[in-house]
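Participant: This is the structure, below, for whatever I ask next.
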């Protein structure tokens, strides 16, 4: 007997009810489901690009501060402001993730962006007020870190609410280009403002992220239910007879009766930690993000201190050149997402990238000074392998685990899981730039050895998951071969990232 079609409430083609929609969306003509998804991708992309843009000024102004603004003559003190931001960011992440699964994500994200922008501008205010107190700048970074921790759990949870299925790795890999786009934009804006005084390098990005918060507040729908649609369908939609195991009663429960909020209970941190794979990926990201953020905060300074083709470059020129690391990161994030989708193997993909990052780091350090062309090529390759797994783990992996089958569909865990993974990673992100401030005194050789060791540890931590995934890949290929031999089509499978065995 043919299965009847699901209720109209859960069809993406249903015309939405806008009673729970943000004010800006209510003023627009009725939008289709796919148009809403595109709007969600665009707004969350913009939001987190602005977050990252506001984090780039410290790396751009480091040389200027070290040269002309006491008390920053010692590079270790510059590292102290970095660790202040990143430590408070990582601590705030655990709280933000817990709150994000319980509060309205749109308001939570928008308020974090506006307040976070003010905190970024506060650091720049020290220039206009001629403040030379280290305590002031450390305090400004602590406040900024706490407020900016609202961003990542929120945007990943929102995108996870609208997108699922086999193409999640590729979609989120493309979407995660916001990190590198934000780094590039932040570098360009901060470098351009540097000529007017380093304070403007903070004030302008701070103002931009606050404006982005206003857009989020008026136009971002955090759940499909907010605009009258049911939960996002599993991709790809096969047919009415096959709905990936989602029955109409389950969908109705998840929809929360059209209230605009997910009615499922949020999970606690302990329950989220018990999800298979969360702890392993969190520890892996600790080391992977240590490497990525050391480049984020110190690459422009390193380039300005290293003769390239026999010549030193200015702080502004080093800032402009450093954006190419993030161009490589964009490619790496998309490539890692695509490969992990094709293999259904997130851990294996991440581990391969981290292993390949090791030789790329040494090659960049050893031969990047030969010429600008060589430096650009090796820097982009390093960015590809360093940022690829970092992007994969913080997006597709977090979304997969936040909707893991062990939750049995009765819990909301996306923001909490994302916060645990990225919060742990941010502890590494705080440690890397801090250690670099001290280790760089002995020379940059020691810094790159540290980065290579961390990349190696990150890859090794995934070994148990990699073994499981390889067995599953072999099993799937055997089943596929048997199906082909028997004349049966392969029905496709969902990613087996952290299946319990």
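A Cβ is built for glycine as well, from the same backbone N, Cα and C atoms used for every other residue.
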Participant: Which range is it, out of 229-251, 413-435, that shows up in TrEMBL as transmembrane segment?
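Facilitator: When 229-251, 413-435 are checked in TrEMBL, transmembrane segment belongs to 413-435.
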Participant: Tell me, please, if the transmembrane segment (318-339) and the transmembrane segment (376-401) are in contact, taking contact as 3+ Cβ pairs under 8 Å between residues separated by 6 or more positions?
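Facilitator: By the criterion, they touch.
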Participant: Sequence gap of 6 or more, Cβ distance under 8 Å, 3 or more pairs: do the transmembrane segment (413-435) and the transmembrane segment (351-370) meet that?
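Facilitator: Result for the transmembrane segment (413-435) with the transmembrane segment (351-370) is no.
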